[in-house]
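Feature list (source: Swiss-Prot):
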| type | residues | note |
| --- | --- | --- |
| BINDING | HIS118 | chlorophyll a ChlzD1 binding site |
| BINDING | TYR126 | pheophytin a binding site |
| BINDING | ASP170, GLU189, HIS332, GLU333, ASP342, ALA344 | [CaMn4O5] cluster binding site |
| BINDING | HIS198 | chlorophyll a PD1 binding site |
| BINDING | HIS215, SER264, PHE265 | quinone binding site |
| BINDING | HIS215, HIS272 | Fe cation binding site |
| SITE | TYR161 | site 'Tyrosine radical intermediate' |
| SITE | HIS190 | site 'Stabilizes free radical intermediate' |
| TRANSMEM | 29-46 | transmembrane segment |
| TRANSMEM | 118-133 | transmembrane segment |
| TRANSMEM | 142-156 | transmembrane segment |
| TRANSMEM | 197-218 | transmembrane segment |
| TRANSMEM | 274-288 | transmembrane segment |
Amino acid sequence: MTATLQRRASANLWERFCAWITSTENRLYIGWFGVLMIPCLLTATCVFIIAFVAAPPVDIDGIREPVSGSLFYGNNIITGAVVPTSNAIGLHFYPIWEAASVDEWLYNGGPYQLIVLHFLIGVASYMGREWELSYRLGMRPWICVAFSAPVAAATAVFLIYPIGQGSFSDGMPLGISGTFNFMLVFQAEHNILMHPFHMAGVAGVFGGALFSAMHGSLVTSSLIRETSENESLNNGYKFGQEEETYNIVAAHGYFGRLIFQYASFNNSRSLHFFLGAWPVVGIWLTAIGISTMAFNLNGFNFNQSVVDSEGRVINTWADILNRANLGIEVMHERNAHNFPLDLASNSVVPVALTAPSVEA
């Protein structure tokens, strides 16, 4: 009898815990994905802060030339970063217990791998938590679908790209100038500016910003006045009101006359779906582009593609870009390679686009 009561009490305790985890009445919804998300993001955040402030230099290239990334070792907010795991580690899973000591783990950049893996699990769980809360509230699942775009982008630069390149040292550093360095080196090695999927991503981000600004300004310009001239228009809106707060017909008419009739949406639902889908699809395509370039399926190469009738090269902007790529590749990791692969495997390229005339 006593054992039965204990089992019932423990079962009730578990049921109460489950009800609390999945309750939509909490100030912040936790959910089962939140059980995984919270410790992962807390771990990633705490280790990032500690490493950014105090981590010792990391031998990123695996050639015994440590690179300083933390504030305590001479960096500032702009130059500081969590330096990626050493090239000597490659793609090996490198938790603390795999190193001979904590000093060795820090020297080989173990914190980077710890932060990145916990962060990716955390943001993926956040996406799942969005779906879970939508499901509990009876909503459609498009919020988590939209968030899948930044999740895909983060996964591409922090996981897929290092896998394709064979080392976590090729992942994006966790800092401002480190991010810029990653972008420049990525351009030098993969010609990302000439990749169609990157172009689609640029169109998605800038187009999304443009459409957001257009939509916000149109709505703000066609608000239905519910207040006097001496009050803010915003005071005319009551949360949860059933009537429209702006005149969609006026906004539609304005924009249709500004551009042309069919450039303006007459359906608010399809308009907002478009506003959500445009940047999401663009960022999806960029993440796919990064993931393909990770395995060296690079951007288009139009170098020396225009020649005259006598076979002489007429340089285009593609050749200028190629020259910049070679220059960046020469400068980065200058002690890790004897010579950049692109330069070593091709014929000699003249430094100047045209040879200067020399007077005798």
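Glycine is treated like the rest: Cβ placed from N, Cα and C.
Looking only at the recorded positions TYR126, TYR161, HIS215, SER264, the one with its C-alpha closest to GLU189 ([CaMn4O5] cluster binding site) is TYR161.
Just so you know, of the recorded positions HIS118, HIS190, HIS215, HIS272, HIS332, the Cβ with the fewest other Cβ atoms around it within 10 Å is the one at HIS272. Of the listed binding-site residues, namely ASP170, GLU189, GLU333, the sparsest Cβ surroundings within 10 Å are found at GLU333. Of all the recorded positions in the record (TYR126, TYR161, HIS272, HIS332, GLU333), the one with the smallest CA separation from HIS215 (quinone binding site) is HIS272. Neighbour density for TYR161 (site 'Tyrosine radical intermediate'): within 10 A of its CB lie 22 other CB atoms from the protein chains shown. Listed in sequence order, the residues MET214, LEU218, ALA251, HIS252, PHE255, ALA263, LEU271 complete the 8 Å Cβ shell around the quinone site centroid, once HIS215, SER264, PHE265 themselves are left out. Among HIS215, SER264, PHE265, the residues given in the record as binding quinone, the maximal Cα to Cα distance rounds to 11 Å. Listed as Cβ neighbours of the transmembrane segment (197-218) (distance under 8 Å, sequence separation of 6 or more from its ends, same chain) are residues 251, 254-255, 271, 274-275, 278-283, 285-286, 288-289, 292, 299.
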